[in-house]
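A.B. asks: Sharing a structure below in structure tokens format, with a few things to ask.
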């Protein structure tokens, strides 16, 4: 994380921050009121900020309104007091966020808190680069306006991230009251309407400040809108599945294409946004350009990875439909058991060569990760010439986010060893003797791909299946096993000691 050291800074609690902000605002208003009533804004020096027009003053009928307006104008015009107002706005947003947490979410889980921290500090870092590296603002007024704009954006981003994490938790929990879903979905709709309000502000500000400013603001607004729409769409699909009788075979297809379209749209928008930053800012030889280039490289590789994964998905679909026939009614009756993947009853299924039956969607999801039977581990060898295995071998490990075979199932490494021994005693008694062994492994690059980002992706996948397991315990075990499958077995067999806190599904009152 770019600003990791800021997490360790002893930040005050929300109660302390609110009290300090209130005292600071009250002192600023008192100071401005004293200045306005004693000296008057009309007697200030010529270099003071311009007064409002006479038409505006005529609209203030009473003396109290006029004094209040003068105090507000003084606060906005002063280069110090305006930051007090910005701090007050940020404090207000934090209080609103805390109220939303108490009403909608209740106590947050450890993974949700960590995701919020990561999202917040990354947002602060990149927007600091944007304001002072790309825009290169020169006046306090511009900095204040951009700070207020990004304060509203980070509020929406954090709320959407929290809704996404809570939806993933609720969707994997067996018994959740409908009220919990309604609260989260209502908040998402409110966030979507707020994005519409930001779009109106974007149009008004962009009309007066130029097309580049409007493009920057529109890109940020579209990013949070697409993220909100993505979570809402996934939620609608999940609720539709809950209210259906029986198993919805097509759910996996709808979920996959929703994720694929939304993620590709997000990556494309973010990619164009960063290209616009690079071309607009003329920052080819600066620290900001390095940060933007790194982000562009990451986004470009993410687009490539997502497209490769989609091609692999299509190959799995074609191979599965061509090789594995749909089970007949007699076969379903003879094998009257549940699907071994989702443990749900089967009204329709596909039959593998080994005779085991699985749901079509469950089998498709499994074959994206592993090409063996989920029950007996018989190799299925789908795709001609093992194209799927080759495609997956060419990707990073987090592309498919599937289980990694254990050490006994990994392919044998093609090694070439070269041994050299030098015996110095044959030449002179004082010369040393030493040996050098050079080992060349042909697929060492494939093993080296399991880096930290891939471990994080694997840890997030395991947490989707076991949300009660703390993130740091999952990551710690993955650093030893390097395998989703082995870590999952460790959790199921109790090798990972997991604290199980008593947490209800209904939100508890916040302290």
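Residue numbering: from 1, along the chain as shown.
Positions of Cβ are set from backbone N, Cα and C atoms, glycine also.
Pasting the feature list from TrEMBL:
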type: DOMAIN; residues: 339-377; note: domain 'RING-type'
type: DOMAIN; residues: 454-496; note: domain 'CUE'
type: TRANSMEM; residues: 80-108; note: transmembrane segment
type: TRANSMEM; residues: 120-137; note: transmembrane segment
type: TRANSMEM; residues: 143-163; note: transmembrane segment
type: TRANSMEM; residues: 184-206; note: transmembrane segment
type: TRANSMEM; residues: 278-300; note: transmembrane segment
A.B. asks: Within the domain 'RING-type' (339-377), how many residues are helix, strand or coil going by DSSP?
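C.D. replies: For that range the per-state counts are 10 helix, 5 strand, 24 coil.
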A.B. asks: Can you tell me the mean pLDDT for the domain 'CUE' (454-496)?
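C.D. replies: Looking only at the domain 'CUE' (454-496), pLDDT averages out to 80.
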A.B. asks: Pull the DSSP breakdown for the domain 'CUE' (454-496) and write it out as helix, strand, coil residue counts.
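C.D. replies: Summed over the domain 'CUE' (454-496), the classes give 32 helix, 0 strand, 11 coil.
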